[in-house]
There are 4 protein chains.
Amino acid sequence: MNVFGKNFRVSVFGESHGAGIGVVLDGVPAGLELSADDFAADLARRKSGAKGTTPRKEDDIPEILSGVMAGHTTGAPVVVLFRNGNTRPSDYSLFKEMPRPGHADFVAGVKWHDFNDPRGGGHFSGRVTLCMVAAGVVAKKMLHSGYALERLTASGLPLPQDDSRQLFSVEASVVEVGGVPLSEVEIPGERNPSVLWSKQLDAAIADGDSLGGVVECKVENMPVGLGEPFFDSVESLVSHIVFSIPGVRGIEFGDGFRAARMKGSEHNDPVVSPAGTTSGNGAGGINGGITNGNPVVFRVAFKPTSSIRMTQHTWNFTAGRISSLDIPGRHDVCFALRTPVIVESAAAIVLADLLLSLR
Amino acid sequence: MNVFGKNFRVSVFGESHGAGIGVVLDGVPAGLELSADDFAADLARRKSGAKGTTPRKEDDIPEILSGVMAGHTTGAPVVVLFRNGNTRPSDYSLFKEMPRPGHADFVAGVKWHDFNDPRGGGHFSGRVTLCMVAAGVVAKKMLHSGYALERLTASGLPLPQDDSRQLFSVEASVVEVGGVPLSEVEIPGERNPSVLWSKQLDAAIADGDSLGGVVECKVENMPVGLGEPFFDSVESLVSHIVFSIPGVRGIEFGDGFRAARMKGSEHNDPVVSPAGTTSGNGAGGINGGITNGNPVVFRVAFKPTSSIRMTQHTWNFTAGRISSLDIPGRHDVCFALRTPVIVESAAAIVLADLLLSLR
Amino acid sequence: MNVFGKNFRVSVFGESHGAGIGVVLDGVPAGLELSADDFAADLARRKSGAKGTTPRKEDDIPEILSGVMAGHTTGAPVVVLFRNGNTRPSDYSLFKEMPRPGHADFVAGVKWHDFNDPRGGGHFSGRVTLCMVAAGVVAKKMLHSGYALERLTASGLPLPQDDSRQLFSVEASVVEVGGVPLSEVEIPGERNPSVLWSKQLDAAIADGDSLGGVVECKVENMPVGLGEPFFDSVESLVSHIVFSIPGVRGIEFGDGFRAARMKGSEHNDPVVSPAGTTSGNGAGGINGGITNGNPVVFRVAFKPTSSIRMTQHTWNFTAGRISSLDIPGRHDVCFALRTPVIVESAAAIVLADLLLSLR
Amino acid sequence: MNVFGKNFRVSVFGESHGAGIGVVLDGVPAGLELSADDFAADLARRKSGAKGTTPRKEDDIPEILSGVMAGHTTGAPVVVLFRNGNTRPSDYSLFKEMPRPGHADFVAGVKWHDFNDPRGGGHFSGRVTLCMVAAGVVAKKMLHSGYALERLTASGLPLPQDDSRQLFSVEASVVEVGGVPLSEVEIPGERNPSVLWSKQLDAAIADGDSLGGVVECKVENMPVGLGEPFFDSVESLVSHIVFSIPGVRGIEFGDGFRAARMKGSEHNDPVVSPAGTTSGNGAGGINGGITNGNPVVFRVAFKPTSSIRMTQHTWNFTAGRISSLDIPGRHDVCFALRTPVIVESAAAIVLADLLLSLR
């Protein structure tokens with residue numbers, strides 16, 4: 001269903017070309033400062049426009065429908081609505097007949113007996129991730145405010161020792177595009193992925209093809225003790241929400257898949273301080289599903305954009321045979337470039353929910 | 001918390017060295033044939049004893065406490081209890097003072113203010129995965145019985161076309177140990193991982209070290225249309241439960257992390273039949289979070305066993321410094337060898353829940 | 001929290017004097033006919049304007065934000081938004097200082113540390129019941145369409161035998177106002193409560209006082225077998241949602257409180273047909289929490305409207321003593337008159353959820 | 001389903017004549033003192049044996065399967081199992097053919113296609129309420145320990161002012177039997193209902209008939225601010241769980257059904273202190289679904305026991321006509337006498353869950 005979380009509950013709705021897309025946030029404590037302006041920075045990070053992303057621009061103006069008064073949350077559900085504009089319904093009429101490779105056209109038609117909204121991917125549109133970004137903004141407010149500190153203290157958990165920094169300092173960034181790791185393209189002082197991987201992006205643009213990428217997320221200044229055995233481990237919850245982001249193919253924590261190739265003596269990293277610091281953080285900040293005070297670190301693999309300019313082939317349900325398909329419209333060459341803020345939001349939502357679930 | 005699922009709800013309890021470990025299964029339809037004997041085959045697959053696994057043997061005798069009468073499920077919750085035997089509480093007294101690297105000793109102590117049961121890992125013990133195997137047995141019953149067929153038909157979903165085979169035919173196996181893929185160790189007709197990777201296991205045993213591994217799970221003869229957007233995608237639910245298995249570091253579907261290095265023209269596989277068959281199944285049988293009729297394929301990375309015979313180092317809370325630590329007892333050299341049946345169970349639990357959630 | 005239901009999930013948001021009030025409906029099957037017009041009849045029944053109800057009029061125009069395309073549900077969440085108009089924020093500034101008797105002013109202030117929206121009761125406003133009516137409209141669509149029939153058939157449950165009538169025919173009406181039962185005021189052919197109890201309403205209006213009432217709801221043409229032991233009995237779910245309606249003080253099923261005064265030989269009604277018909281339906285259509293095929297019957301007690309024209313007394317937090325309080329504005333003399341459609345909706349929501357939960 | 005609660009989650013299982021009946025408690029904080037002996041007092045209150053209750057005696061010995069070590073909860077799920085003894089399966093073979101009036105025999109057979117366990121009511125047996133009593137014991141531990149105090153303080157809620165008494169002091173008692181209120185049978189110093197209503201009970205025993213009753217529950221020394229709008233009002237949650245108790249026909253809070261007959265000027269009780277004390281507590285300690293600091297008061301109507309010694313009539317599915325039915329075995333004349341501790345437990349479970357849900 002379209003709800004995630006137990007005590008901080010995020011519920012999304014909307015379709016790419018319907019009236020709008022929105023999110024209901026239940027469980028937000030009263031008294032957090034919040035205004036429509038607070039969403040601007042993170043929404044801008046998700047925006048398109050740079051090289052490698054679609055030139056289709058949307059305004060993405062958040063309207064707070066409820067749960068905020070006089071600049072503070074009221075304790076009632078917070079609802080943020082994004083009206084859809086700039087839609088081109090005519091672009092999408094073809095895909096019930098000829099499902100686009102890599103898209104949900106075929107499965108949605110079968111599942112919903114052809115009543116699904118096919119326009120722009122409908123409810124499957126990447127546009128729905130706007131909701132996760134909006135939820136993430138509110139989650140970060142919780143994690144970074146005095147509220148988090150009070151909540152941890154009340155639970156008797158030790159606080160992170162670096163009090164010069166934000167609690168739950170979360171940051172995600174692109175670390176690989178088209179198979180080329182950041183280490184091969186680094187430019188001192190440059191953080192814009194579209195610049196760093198411009199050569200790869202230019203080549204894909206020239207080919208009418210698309211590229212995948214890997215995003216790494218790190219949460220620093222973490223308390224010990226978040227997460228719940230057996231089924232609500234931190235990894236379980238993070239992976240659950242991360243795989244809701246369209247186009248994710250894999251997730252790994254700490255040493256990840258590399259851990260399967262290591263020996264115990266290499267992967268086990270010793271505890272080296274009474275705060276639980278380990279020497280190598282191969283566990284990605286989590287033991288037994290519970291945060292261990294080290295940075296939570298995970299990486300997410302995104303597939304290349306499914307919609308490409310090159311001619312493709314797919315089953316033609318009218319003709320009863322495979323036909324060639326050209327997908328019109330404007331698409332991201334590498335949508336992974338736009339996802340770091342979404343991945344950050346996913347992490348923040350999980351941590352906010354776990355914070356509220358401390359007992 | 002300790003509950004997973006919406007309509008097929010699995011709730012686990014127990015600690016390694018307490019009275020027992022068990023599972024409550026809610027939502028099981030009435031009339032399925034079920035007896036204690038049905039658990040034997042899958043429990044045996046999880047058992048230790050082969051090379052690379054611990055010689056500590058447990059009898060793992062399932063007792064059905066409720067929900068079954070005259071060999072059939074009654075519609076009330078099914079509860080399966082495994083009494084603990086062969087426990088050695090004295091082995092574990094040390095680890096509150098000196099948390100074992102890679103274990104939950106430290107985090108559990110902090111989270112539960114030292115009231116947690118530290119014996120054998122307590123509620124974090126791999127022994128709790130017995131519950132998942134038991135739940136998996138019941139889930140497979142649902143998926144493989146006429147019940148699944150009726151349910152799919154009632155939902156108006158097309159059935160898989162290969163009616164010579166079981167619906168939801170699920171199988172997991174070890175495909176890599178200690179970094180060595182199956183392709184390098186294959187022996188015709190041999191399926192026992194302990195034999196195939198005996199060289200690697202022998203070396204680790206000699207060193208007193210441990211190895212990680214990768215398990216691949218494939219579900220064939222899948223219907224189209226299971227899974228729910230936005231948050232309950234098949235990948236979300238599978239990864240959620242898979243990361244509940246102790247020692248998992250990563251999961252990937254279809255082309256997985258490799259997809260991030262592919263071009264769209266390579267990774268997009270065309271639909272080549274009206275049943276939705278694709279040419280390459282790079283999506284692992286899932287589009288937009290919903291099954292597309294192709295086999296569901298995913299791989300899980302397991303870390304090397306944390307408890308090793310070699311001397312390790314860790315913080316000594318009594319001494320206030322790092323000390324050396326020798327972990328007594330008998331441990332798996334590569335616990336990944338015992339996990340395929342657990343991974344299969346995880347997949348079956350998710351699919352059974354999604355089957356019951358069809359509307 | 002603000003979510004009800006398992007498979008048909010209703011999530012409400014909004015505050016009386018904020019931007020709007022709305023409802024998210026998750027789990028709606030694809031292909032139901034639905035348009036904004038479908039809400040008109042039930043919304044009109046909840047409207048004020050008749051004798052005994054407030055003259056404050058609102059337009060209550062439903063806007064479908066998502067989940068509907070070309071007149072049919074798409075399978076994605078259905079969201080209905082009601083913009084607030086005709087608000088008078090200035091009327092309500094006093095009540096943080098002097099909490100109105102019978103209102104949530106005091107508790108909301110304490111719970112949310114005075115960040116709650118006090119205007120018009122904020123999130124506690126009776127206006128939020130608009131959401132339940134909207135959800136009820138969609139629930140009735142499910143219950144009255146071929147969808148319900150298919151679902152019951154698929155579950156192997158016998159269908160009600162009266163196929164000349166709607167399945168799940170639900171109807172609620174006022175049966176008592178100000179302690180005067182319907183039997184004492186009946187007028188042949190007259191169904192308007194404001195007319196039937198006009199004498200009682202006139203007297204209360206003259207006094208500046210208010211009246212309570214009792215609503216009875218009956219669901220006929222019921223199938224056998226809805227409801228889930230142990231915790232999700234039909235009575236449990238119905239009472240759960242009914243007590244969400246502001247101002248409810250009690251609920252009873254079948255013989256209700258009178259059953260406590262009966263003997264077993266009187267209250268036990270014999271089964272008199274193979275369809276499960278009982279002679280007296282003292283159980284209100286439910287045994288062991290599960291529908292028995294007889295009409296589901298329950299009654300709901302509503303308190304008199306808390307806001308009255310008479311001068312009242314309450315604690316004055318500024319003055320530190322009890323002060324007199326006059327509540328300005330326009331209020332229902334007997335808000336129970338407006339509730340039958342809300343109670344019907346509550347019943348329909350529960351039954352739709354149970355229908356979707358059949359396995 | 002068989003799970004109740006969000007943060008304190010109670011899951012019940014078992015059938016009257018199966019291996020046993022039990023309860024899984026998830027969310028219990030670590031460090032509460034708990035042993036099998038702690039259950040004795042409340043279990044004894046539910047026991048039969050006194051006049052008006054069945055002479056069938058069960059030992060009801062709780063076995064703690066997990067979640068407790070060295071006399072304290074560990075933070076992992078607490079499971080309590082009651083093995084069934086003293087079962088007489090042969091007594092119950094008839095009721096699939098001739099469903100007992102007032103019982104779930106008919107509906108369970110239909111719902112579960114005759115695979116349900118009919119012995120002693122199976123999963124519908126009143127015996128399952130043992131689980132609620134056991135859960136209530138643990139809930140009371142939470143509410144009465146320093147844990148509750150810490151939790152309230154951390155949430156910034158004001159504490160009840162009477163610190164000479166237990167927080168959340170919960171007590172339920174029988175206030176009416178066979179239509180005769182306590183006020184008519186009171187004997188100074190006597191609190192045993194079997195003695196107080198001995199005349200009514202004797203008459204029913206002589207007739208082979210049964211009696212209903214009303215139980216009142218009061219929770220004193222309540223904090224302000226528990227409960228969640230919109231759907232998780234205190235009344236919603238309490239009524240939800242109370243209607244899980246077999247045989248409940250109605251519930252009312254504060255003035256209850258009488259409120260529907262009162263005027264606003266009578267029912268509205270003024271706030272008379274800064275702590276929120278009201279003059280009359282007609283709202284039963286709850287406004288807008290949230291506790292207001294006054295005692296929470298509610299009454300529950302229980303039907304007369306369905307199994308009576310008198311000959312009854314019911315449909316005979318074999319004969320295809322109504323037949324006479326004599327129910328063998330030993331039954332409570334008035335099972336309501338045994339329910340106060342169950343109702344108390346229900347209240348305690350809800351309050352513990354709400355305490356854990358404070359944010």
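Yeah, the Cβs are placed from backbone N, Cα and C, and that goes for glycine too.
If you look up TrEMBL, you'll see B:Arg46, B:Lys51 marked as NADP(+) binding site. Sequence-distant contacts (6 or more apart, same chain, Cβ under 8 Å) of B:Lys51 (NADP(+) binding site) comprise B:Ser194, B:Val195, B:Ser198, B:Leu201, B:Asp202, B:Ile205. Annotation note: B:Lys51 (NADP(+) binding site) sits in a coil segment as assigned by DSSP.
Marked as FMN binding site by TrEMBL: B:His123, B:Phe124, B:Ser125, B:Gly288, B:Lys303, B:Pro304, B:Thr305, B:Ser306, B:Ser307, B:Arg330. Around B:Ser307 (FMN binding site), the same-chain residues at least 6 positions away in sequence with a Cβ under 8 Å from its Cβ are B:Arg100, B:Gly102, B:His103, B:Ser210, B:Ile327, B:Gly329, B:His331.
Secondary structure by DSSP for the region 'Disordered' (B:265-287): 3 helix, 4 strand, 16 coil. The feature region 'Disordered' is assigned by TrEMBL to B:265-287.
The Cβ neighbour count for B:His123 (FMN binding site), using a 10 Å radius over every protein chain in view, is 28. Across the binding-site residues listed here (B:Arg46, B:Lys303), the residue whose Cβ sits among the most other Cβ atoms within 10 Å is B:Lys303. Burial estimate for the binding-site residues (B:Ser125, B:Thr305): highest at B:Thr305, by number of other CB atoms within 10 Å. Chain D lies within reach of none of the binding-site residues B:Arg46, B:Lys51, B:Ser125, B:Lys303, B:Thr305, B:Ser307 when a CB-CB distance under 8 A is required. With a threshold of 8 Å between Cβ atoms, the binding-site residues B:Arg46, B:Lys51, B:His123, B:Lys303, B:Thr305 that neighbour chain A are B:His123, B:Lys303, B:Thr305. For the pair formed by B:His123 (FMN binding site) and B:Arg46 (NADP(+) binding site), distance between Cα atoms is given as 18 Å, rounded to the nearest Å. A helical conformation is recorded for B:Arg46 (NADP(+) binding site) in the three-state DSSP classification. Secondary structure at B:His123 (FMN binding site), taken from DSSP and collapsed to helix, strand or coil, is helix. In the three-state DSSP classification, B:Lys303 (FMN binding site) falls within coil.
Rounded to a whole value, the Cα-Cα separation of B:Thr305 (FMN binding site) and B:Arg46 (NADP(+) binding site) is 15 Å. B:Lys303 (FMN binding site) is 17 Å away from B:Arg46 (NADP(+) binding site) when you measure Cα to Cα.
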